[in-house]
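Enquirer: Dumping what TrEMBL says about this protein:
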DOMAIN    B:1-109  domain 'NADH:ubiquinone oxidoreductase chain 4 N-terminal'
DOMAIN    B:112-402  domain 'NADH:quinone oxidoreductase/Mrp antiporter transmembrane'
TRANSMEM  B:21-42  transmembrane segment
TRANSMEM  B:54-73  transmembrane segment
TRANSMEM  B:145-167  transmembrane segment
TRANSMEM  B:187-205  transmembrane segment
TRANSMEM  B:225-244  transmembrane segment
TRANSMEM  B:256-277  transmembrane segment
TRANSMEM  B:284-303  transmembrane segment
TRANSMEM  B:309-330  transmembrane segment
TRANSMEM  B:351-373  transmembrane segment
TRANSMEM  B:393-414  transmembrane segment
TRANSMEM  B:435-455  transmembrane segment
Amino acid sequence: MSHPKYKPSRLATLPPTLDPAEYDISPETRKAQAERLAIRSRLKREYLLQYNDPKRHGLIEDPALARWTYARTANVYPNFRPTPKNSLLGAVVGIGPLFFWYYVFKTDRDRKEKLIQEGKLDRKNNISY
Amino acid sequence: MLKTILPTIMLIPLAWLSKNNMLWINSTMYSLAISITCLPLMNLSCDNSLNMSLLFFSDSLSTPLLLLTVWLLPLMIMASQHHLSKEPDSQKKLYITMMVLLQTFLIMTFSATELIMFYILFEATLVPTLIMITRWGGQTERLNAGIYFLFYTLAGSLPLLVALVYTQASVGSLNLLLIQYWNHPSIQVWGSSALWLAYMMAFMVKMPLYGLHLWLPKAHVEAPIAGSMVLAAILLKLGGYGMLRITVMLNPITNFMTYPFLMLSLWGMIMTSSICLRQTDLKSLIAYSSVSHMALVIMAIMIQSPWSFMGATALMIAHGLTSSMLFCLANSNYERTHSRTMILARGLQMILPLMAAWWLLASLMNLALPPSINLIGELFVTTAMFSWSNLSIILLGINIIITALYSLYMLITTQRGKYTYHIHNIKPSFTRENTLMMLHLTPLLLLMVKPQIILGTLY
C-alpha cells in the first residue's frame, strides 16, 4: 500500500529526515549548523551542571539575558552619540509635533473665537460643558 | 484632623515597641483601623468644605485623596513583608517608620489650609521617599534614581516658594478659602507670566509633564514595592491636587500660558504610551503608563472646565488604585523570579490562576474599560478636550488605542502562552498577596457604583 505524502502545515513543520533538500546542503551551512550546535550544547551543559548541583539553593541566572536587559534599559545613554540622522529623528518626532499641533490648535480655536465674536457659531445653552 | 494624624504618628512607637513576631500584624491592623477614622470626612454638605481648624480642612477634592492615602498605608505594609523578611528587626522597624512618616506628611498635605503649610509638607514628603528608594531599592541604579527624583522635584518647587512668599506679601493671606477671591491686576506684564510659571512648574515636575518626566521611570523602577506604590498612587497626585488648588487664582493669564503645557501633554501622552509598547522591564512599563495617564490629568486641569476638573479628580483616584495594584502584581512576579524582565515569567495563567484573575482585572482597569472609574475620568477629560478644540479627539483617540494595546500586551506577555520551562518551581500565591490585590480592587469596584464621591468639587 502507498503511504500518503506528508504535507507540512503551520504547526507541524517538515522534519529534516523527510526533506530532500537536506542532502544538498553546502559545507559552509553544515559548518554553521555545527557551530550553533556547539554553542547550544555548551549552554545546555552549563545549565544542567547548575540544575543538578545538590548544593545550589537559588535561581539559575542566564547571563546573556541579564546583559540584554541591561543594554536595553540602563546602558542606552552612554552609547548614544548625536548623529545627523538621530538628531533629525528627535527633532521631527519630539520637537516638531509640539509646534505643529500648537499651530493647528491655535488656528482652530482662533477661528472658533472669531465665529463666536461675530455671533455666527451655533452655541446652544449646555448645562454641562 | 488630629484624630487621624495623632494615631498615625503613634504608629511609630507601635512599630518600635512591638514584639518582633507581632510587628507586621500590629502595624497593618492599626493602620487599617486608622483608615476607618477618615471615612466620616465623606459626610460633606453640598459644595462646602469642612473647616476643622485654622490649619486643616477637607473638601470634596481633598477627601478622596486623603482616603486613598490612608487606605494605602496598610497595603504598603502588607506588600513589604516579603522583601524585608531577611533583614534585621531594627531595619524593618526603620522601614515602617519611614512609611508612617511619609503617611503623616501626606495626610497633613492633603488637608492643609495655608498654601505655605502645603508647600512645606510637599517638600517634606520627598525625604522619606528618598530614603526608601536609596536605602532599600534593588539595584545599583537606585542611587542615580534617588538623585534624579530629589533634584528634579526640588528644582521645580523652589520657584513655587518664591511665588508663594511673594503672594503672601502682596495679597496678605494664602488661605485656600480666601485666595479664590483675589482680584488680579488687569495689566498683563512679563512678571505675571513668570509668576504663573513659578506656581505651576513644581506641580508640572511632580505630575510629571512629558518633558520633565525623566525622574519617574528611574524612581519607580528602582524603588522597593512600598516606595513604588506610594509614588505612583499618591505622590503624583500631590502635583495634580496642587494644580487644582492653584488654578482658581491664576486667571486670566492662564488663557495663553497653558498652550505649551497642553501641547507637551497631548504629544507626550502618545509618546509615552508608545514607549510602553517597547519596554522589556515590567515596572518600567507601568511607570511610563503612569506618565501617560497623568498627562491626561494635566490637560484636564489646564483647560479648566467643570467636566474636566471632575474627570481629573476621578482619574487621579482611579489611576492611584490601578497603578498601585499593577506595581503589587509586578512585585509578586519579581519576588518569584528576581528579575523584572517581562518575558522571563510568561504563561503564569497556568501556574497561578488566581493571580491571573487579578492581572486581568488590573489590566482591564488600566485600559479604562467601562464601567470602571478609569473610564469615567478619561471620558470626562476627552469630552471636555473635544469641546476645547474639536481636533484634539484625533490625539486622544490614538492615545486610548495605544493604552489598550500596551495594557493587553502586558497581560498577554505575563499571563498567556506557554510558560517557560524554568519556572516550575514558582511558589504559589500567598494569602497576603491575594488579600493585597483584593484590597486594591474593592474600592475600584465599589466606586463604580457611586462615582460622585470622587468627582471632586464641581459635581
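Heads up, the Cβ atoms here are built off N, Cα and C, so glycines get one too.
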Enquirer: With the transmembrane segment (B:435-455) as the reference, find which of B:54-73, B:256-277, B:393-414 contributes the most Cβ pairs under 8 Å.
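Expert: Maximum Cβ contact count belongs to B:54-73.
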Enquirer: With contact taken as 3 or more Cβ pairs under 8 angstroms (pairs 6 or more apart in sequence), are the transmembrane segment (B:54-73) and the transmembrane segment (B:225-244) in contact?
Expert: yes
Enquirer: Of the listed stretches B:21-42, B:187-205, B:225-244, B:309-330, B:351-373, which one has the most C-beta pairs under 8 A with the transmembrane segment (B:256-277)?
Expert: B:187-205
Enquirer: Which whole number is the mean pLDDT over the domain 'NADH:ubiquinone oxidoreductase chain 4 N-terminal' (B:1-109)?
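Expert: It averages 89.
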Enquirer: Which sequence positions outside the transmembrane segment (B:21-42), separated from its termini by at least 6 residues, show Cβ-Cβ distances below 8 Å to it?
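Expert: That would be 3-4, 7-8, 11, 14-15, 50, 58, 63, 66-67, 70-71, 73-74, 77-78, 81, 89, 92-93, 96, 100, 103, 453.
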Enquirer: For the domain 'NADH:ubiquinone oxidoreductase chain 4 N-terminal' (B:1-109), how many residues does DSSP put in helix, in strand and in coil?
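Expert: Per DSSP, the residues of the domain 'NADH:ubiquinone oxidoreductase chain 4 N-terminal' (B:1-109) fall into 78 helix, 5 strand, 26 coil.
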Enquirer: For the transmembrane segment (B:145-167), what are the same-chain contacts with Cβ under 8 Å, counting residues 6+ beyond its ends?
Expert: 115-116, 119, 122-123, 126, 129-130, 133-134, 137, 174, 179, 195, 197-199, 201-206, 208, 212, 214-215, 218-219, 221-223
Enquirer: Cβ under 8 Å, sequence separation of at least 6 from the ends of the transmembrane segment (B:351-373): give me the contacting residues as numbers and ranges.
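Expert: Answer is 289, 314, 317-318, 321-323, 325-326, 329, 332, 379, 400, 403-404, 407-408, 410-411, 414-415, 419, 423, 426, 428-429, 433-434, 437, 440-441, 444, 447-448, 451, 454.
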